[in-house]
Amino acid sequence: QAEEKWDFVLVSDVHEAGSEKETKRKKFLDELSKKGFTIKKIEDKKLFYGLRAPRQIFQKYQWLLRNPDSRLQDASARHDVPVTTRIRIVNFILQNTVTSDRERLRDLTKKRVFEAAFPLHQKEEVREFLKERWARWRDIFSQQPIEKISLCYARGFEPPLSPCASPCPFLSSKEICEATNTIMCPLCDQKCPFWLLSDTCTYAKVTHMIDNEGTVLFAMFMAIWATVFLELWKRQRATVVTDWDLYRWDEEEEELAMELINNLQHEPQKYQHSYLRSTIILFLVLVMIAVLIGIAHGLVIYRVVATALFTQSDFEFLREQANTMAVMTGAVLHYITIVIMTKVRSETPWALLPSPEKPRTFSQHENSFTIKIFTFQFFTNFSSLIYIAFFLGRINGHPGNYVRIAGRWRLEECHPSGCITDLFIQMAIIMLLKQTISNVMEYLVPWVSHKLHKKWQRPKKRRVMLGEEEEAEDPCKRQWLSNYQLSEVNAFSLFDEFLEMVIQYSFTTIFVAAFPLAPLLALFNNLFEIRLDAIKMMRLRRRIVPRKANDIGIWLQVLEAIGILAVIGNGLVIAITSDFIPMQVYKYTYSPCMTENSTGVDCSTGYINHSLSVFRIQDFEPHTKPGLAPTRLCCRYRDYRNADDYSYTVQFWHIFASRLAFLILFEHAALCVKLIAAWYVPDVPKSVKNEFRVRKHSNLRKEL
């Protein structure tokens, strides 16, 4: 006997006869019956209602839209539509069917009249193909069958690149390692010793592996690559949607057609705009950003307090590595903050936040939703990184006049070899934790949930099968139960996958100058996560309601905005965070090459000594109690200040002006190159344009 085909299944608790919930359920099912739906009821611990839409609905759809799915049909099934199209149409009708009480399915679900509504995983050819060729770890290095999945999985891989190493030796790190007589000022106020600059030799070597002349070239290359990547994606998208006959598909027309199929008396919604709603949105977004900036300030306070506590620890290792330990634990705390705020975001009814234009289609609603959520998630992930990149060590004052939190804890300082390593450590820890713990939990939670749900259902299921022979023989029961036991999905289930990829893209572009390993980590993560998502979708989750789309919607504009932010961010990292500009100013203004007639001296010789200012020990603040004072009467600290009144030196203003000049030059050059690259690579391949031209010509010839 051929297996019965059902479009959707509704699940409900067994309610008391005559109860309000039973009455509401009956009214909704009656409305579906009036539209010609076939309904089959199976009772277990829950009530299951199988729904099959009448053929007339799909014939109307094909006629109104001139059969857009004809290419997917064979000659023997001319009047059928693909399973994915059936599911979309039935889901639309279910969501827009209104009872006599003016209640829709979502209202009944909130009132627990229905518990779930989902399409079934069928044993069709495509599904079995995907289980064998997509949702398998053995195919991790194989190309994805994009034509059988969806547009959202046509991902690009970030290239595994790293910045070019500097061709010259790291002379500045060599100077730090040999500075055995340079005494540095204490790192805290109480009992912290004076220390030798040479003690940080290893840290300096690591810093100069990241911060060198190759960093500028790498940042410029990544800015160009981000543009080329998006242009190549647009070409890939044009090819894929052409194969699916969706290149000139109109979402608004299709939604209007389905509205009329569902209700012939339907009136189209008109465009609306409200300046009041826009003002409310702007205010709420600003409040949200202020809260996230406040959280970033909390992380700053933690680092300041942690540094002070570590420097006073009884453990020698913690005292010596106080700054590094504060950075690392701060990065872990930042990751925990990201996890918590992501959970808060997922539990917040963002859909209730108004939009300036009342959305008329699902895509318009999703676009509005995307902007809100991405803004929230972007500031959650990057607010602390922005502080480390552009403010750490620049607003902390100087010995004798430190900027303090609550008048007690002084702000952190940069290492004499630069602040870029702090940013490197922060990004490395966050990316590694996100790509390990987060991915493991993303898979384990639905897997454990599925196993537990299946275990709880098994005893009851066996008793029913043994006790009621008629139900046990029903071929639908096992299939409906097995689908019900899978993890729940909703209309925005793929949204989190998009968001995760876009945040990852931000990490690999915006601060890539400070963390050149980000693209390599992203590549490994994507290879792993593609199969992880495939297994979840094919084996652990209920079937997602398919959606037609000929692009990725607002996400493309988000990615283009990130490309512009990448130019700005990397320009700022090189100009402000990196030591590239101060080093160049020293080489061409103050180095021995400029002051002496010597050709055998490296122009960077003496840079470290030049970048350190002198502080008189007697000028410490009265409450400061440093460790044993050295025999000398002064110590050094990283800044460009005069030794007499601690005002900024002429060198500081030279470097400041050079930073601004480089930033303007770099960003204008990078943006110009981006524009040229966007012009040079066409969005639509010529093969796609030619195919449409030939198709038009053929259609006109037939008409003639």
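Just so you know, glycine gets a Cβ as well, placed from its N, Cα and C.
Here the structure is a predicted model, which means the values were calculated and not measured.
What TrEMBL records for this protein:
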DOMAIN    84-146  domain 'Anoctamin dimerisation'
DOMAIN    204-692  domain 'Anoctamin transmembrane'
TRANSMEM  215-233  transmembrane segment
TRANSMEM  280-302  transmembrane segment
TRANSMEM  322-341  transmembrane segment
TRANSMEM  369-392  transmembrane segment
TRANSMEM  502-528  transmembrane segment
TRANSMEM  549-576  transmembrane segment
Two-stretch contact, the transmembrane segment (215-233) and the transmembrane segment (549-576), at least three Cβ pairs under 8 Å: yes
Sequence-remote partners of the transmembrane segment (502-528) [C-beta within less than 8 Å, at least six residues beyond its ends]: 140-141, 155, 157-163, 210, 215-216, 218-219, 222-223, 226, 374, 377-378, 381-382, 385, 389, 420, 423-424, 427-428, 430-432, 435, 439, 555, 558-559, 562-563, 565-566, 569-570, 573-574, 577-578
Highest-contact recorded stretch vs the transmembrane segment (549-576), from 280-302, 322-341, 369-392, CB pairs under 8 Å: 369-392
The domain 'Anoctamin dimerisation' (84-146) - residue tally per DSSP class, helix then strand then coil: 32 helix, 3 strand, 28 coil
Tertiary contacts of the transmembrane segment (322-341) (same chain, 6+ residues out, Cβ under 8 Å): 187-188, 203, 292, 295, 299, 302-303, 306-307, 310-311, 313, 376, 380-381, 384, 412, 415, 422, 425-426, 428-430, 433-434, 438
Average model confidence [pLDDT] within the domain 'Anoctamin dimerisation' (84-146): 85
